[in-house]
């Protein structure tokens, strides 16, 4: 303490000296500054320069730590179980205190047990009663991984007040869910409650963790979304060599040169691997340069899931902050003091010198785990042979059972209310709808559905360096998009964009890879072939070529490759519709058609449009090693003089494995060439249509990206405008029907009959006066209602005119947001004006009818009908 006081006094003296020096410098510079102010005047250019310099200054606002204390919790509306203890709970607290005293006496070097912290009402509650097993109604929360991920996203982490001690307060899960904040013990309690409700054998653990684990620091961890799944390489089964297979030619390359080349390649790989390992070691050394002075002392809480229930094959840990699962031998977990569930409490009696690697989670072993209560489940109870032999005596068994019954004490029910998560909260997930997680060379951002106008729900940004300054690539996940966009992958280095779509796009688009949205650029489009009539699977486009792959077509077309030549120069804008690119070559390939013989089934045909040639290659028969080929010289049907050109043998060059008589005839060759001419026209037309389709898809994608409309389910009544309007209309109809019923039950003569003496019989003149007063009063009310509607109509009109005048005066300086607000106000104002106008016109039409209807009712009223007969 004396050393601390001396340090404080030295710091105060240094601050006083520094303040005195600052004051002296201020006095010295005060007068020259005043002289300068008098001499220099600030011009407009100097002011603009100063404003520019000031705008470049960035002020960093320190982030406020999340505060979650008792003072921030409203305890006025909490139920009685939160504010007091039952007799059974008080008995349990006494048992826990007795257990704690015995434990402290037997283990004086161990820290005090975490048994009964205070709740939000400052009432001591045993930790096991804070767990409320609950099965949530959402299927996603039935498995441990998705349940832990939901809690990690839904809550915000608050660090422990003292990193070396467990918290003094342990709040209920309902309070934690309400405020969406909590420390590691709050996270673990909520997660354990939901896992036990889902059928898992889960326990809350009070122990010690690493600094990264306690601070939820993932900057040294690799993001799971960046790790690529390991591809299992399937070894190709080598076909057995055929008996009469052709032997490969003899290899005449030097074996010595091959060995030297292999050694050189291995040396290069070893050098690269060594360099990579050195770089990783250097980076790891930089990351671990700052050792934690509190290593092994930081208190942390997590969840233990034991094997057995829900087909869990092996026990594991769950960190509630990150929702990650770890082995029970992981280095992040440095020791365990105790653990508990909703039935019992266990104290770890094993040594944690080797972290948690040597711990045995046999909770039925009283040597390793000291339990608090008797008469509860003891999982994995394993008895030694000596104990088993000692338990053979029937009398001892009966006596032991009686003693256990006398000493057993059941755990009281949980004092926490039923844990409930509303559908809105379950959908929103993250606090305020957004959460950011920083990983090693990556940043993960999450949003709630419908929070962003473009449907963005997740974004993963990967960086090249540890400081996260140079972006490598971005992945963005979308939901509820009308264009079925699911994932957008942007590579910042190559500039390649890849869009992934779910089934349902208007053009059956599945994947779209591109660097620019301009037409006739490098791009790849993949389609859902089952949703297209033409069976198109993939289309690859470059400035000079276009390649299409097909499947399941009736003509067995599988491949089409089009080569384009330079476009003819025109003054108008070049496009596939106005000035298409000239096609130079079209190559088409076909699957095997089993209905045709292989000699007549075309496998590939090439239209050399510029050279006026057509090349055909047929499928190869199974018993042949070569295939038939033909080449046609396509000429014009008439010459320059108009004479018809006759088919000649030199116009068809063919190679046939087994020549046939009918294929040599000129008529057969002429008919084949005429058919190929028509097919060439069809292929050129289909290629031109493909170009137009690309333009249509690009235009559609630009419109979709600009509009980014979101779809809303018909069952989502809060967001679906049509359902909302229909519901409001139904409510309005029911309200009007209710008003009509109330109006029918009203006694319209009651206010006027009350003015007469009670029990007096009406005279004829009194009846006439009552009728007139009632009609006059109703007429006045109709007039007042019309005046009220007219006044509201005029008020809305004047306010709209003022707003329009304000817009005309400030139109130049308005921002796009202000213009959107103005247009929205005008739309709403016009809607209100139109409704008021309709109400006024309707009131004018119905007022006379209502007046006549009331007059008729008065004449038919049984109290006046006899007295008013004379006037009818």
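Count begins at 1; order follows the chain as displayed.
A Cβ is built for glycine as well, from the same backbone N, Cα and C atoms used for every other residue.
Swiss-Prot lists 1-64 (among others) with the feature coiled coil.
Annotation source Swiss-Prot lists coiled coil at 254-292 (among others).
Across the residues of the coiled coil (676-706), the predicted structure has a mean pLDDT of 93. Here Swiss-Prot flags 676-706 (among others) as coiled coil, drawing on sequence analysis.
Feature annotation from Swiss-Prot assigns coiled coil to 780-805 (among others). Outside the coiled coil (780-805), and at least 6 residues removed from its termini, the chain residues within Cβ reach (under 8 Å) are 822, 825-826, 829-830, 832-833, 836-837, 839-840, 843-844, 847, 850-851.
What Swiss-Prot lists as compositional bias 'Basic and acidic residues' is 16-40 (among others).
The feature compositional bias 'Basic and acidic residues' is assigned by Swiss-Prot to 231-240 (among others).
For 248-281 (among others), the entry in Swiss-Prot reads compositional bias 'Basic and acidic residues'. Helix, strand and coil counts from DSSP across the compositional bias 'Basic and acidic residues' (248-281) read 27 helix, 0 strand, 7 coil.
Marked as compositional bias 'Acidic residues' by Swiss-Prot: 385-398.
The compositional bias 'Basic and acidic residues' annotation in Swiss-Prot covers 399-409 (among others).
As annotated by Swiss-Prot, region 'Disordered' applies to 1-40 (among others).
The annotation region 'Disordered' is assigned in Swiss-Prot to 231-281 (among others).
For 385-410 (among others), the entry in Swiss-Prot reads region 'Disordered'.
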Distal contacts, the compositional bias 'Basic and acidic residues' (248-281) - CB-CB under 8 A, six or more residues away: none
Chain residues outside the coiled coil (676-706) and at least six past its termini with a C-beta under 8 angstroms from it: 482-483, 485, 499, 506-507, 509, 512, 517, 519, 523, 525, 539, 541, 546, 548, 560, 562, 575-577, 580-581, 583, 586, 588, 605, 607, 609, 614, 616, 632, 634
